[in-house]
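Have a look at the structure below, then the notes.
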């Protein structure tokens, strides 16, 4: 496990530096398969073994993981395309898109909150609920999640929608033009690293990852510039409204992402700790809370310091990602990850 984690960490660091989008799933699975093959040959790996206790995919082993690598991008792409097609047809291409957009916010929040809480009750908090003697059927879980989602949607209609309307009216005129276009200009860096004080140099190093302009590649790369110039442009006020909603969908992705990505790091670490402390390896291991917290903090630190390379690749180089497009992509991704984690 130490070999797998060490080699995988090195590869993830290199991939992040060159802006290649890779997954922790790939590195940990590849690392485990690799050392297993060296340890005891091909028989040491469960490639494909039928498991009748699983209804969705009746196989366990490497085949189930590889299948998910193929199916998850396809399902997320289909879901994102469908969501964006519906949003574009019903809202974005309408003449009164700005007014219609506000009617879509509460239903969208209802859907996303329902998915998140259903996932929490059926996956995240299920073990603790079972320990406390709380056993909910899937139908009861769905009803409770729906009630919470409905409350969130009503609350958003009473608070978020008026706030956004006021915010947009103070930012744009009736034609959708910004009242203060100078606000879009990036601040000019006045102090170089050599000119900074010792404390300033330390701060520049620490904040380097989140102070980068990932959109500068639009100016320096002709291909990327053409991709962005050829993309369809929608009502600026609608995009601004969805900017806040995209933050919410991003939280959903982060929540669902943590169910898998942090687990792939916490799992091997928990195995190493158990062997070190007890000298034996049991079939079922419950990760310690501090291991999970450490994994989450490490993920956040990596994103803040080194994540801008991958963000530039996914958010700028791949295609033009506006708030409406990003919202659809994130919501579809969250749905696929949450369903797959079940």
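Cβ coordinates are placed from backbone N, Cα and C, and glycine is handled just like the others.
These numbers come from a predicted model, not from an experiment.
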Looking at the candidate ranges 142-164, 165-187, 188-210, report the one that TrEMBL labels transmembrane segment.
142-164
Transmembrane segment per TrEMBL: which of the ranges 289-308, 309-328 is that?
289-308
Which one of 8-34, 35-61, 62-88 shows up in TrEMBL as transmembrane segment?
62-88
Candidate ranges 62-88, 142-164, 289-308 - greatest C-beta contact count to the transmembrane segment (100-121) (under 8 angstroms):
142-164
Counting only residues 6+ away from its ends, which parts of the chain sit with a Cβ under 8 Å from the transmembrane segment (289-308)?
13, 16-17, 208-210, 212, 214, 258, 261-263, 265-266, 269-270, 273
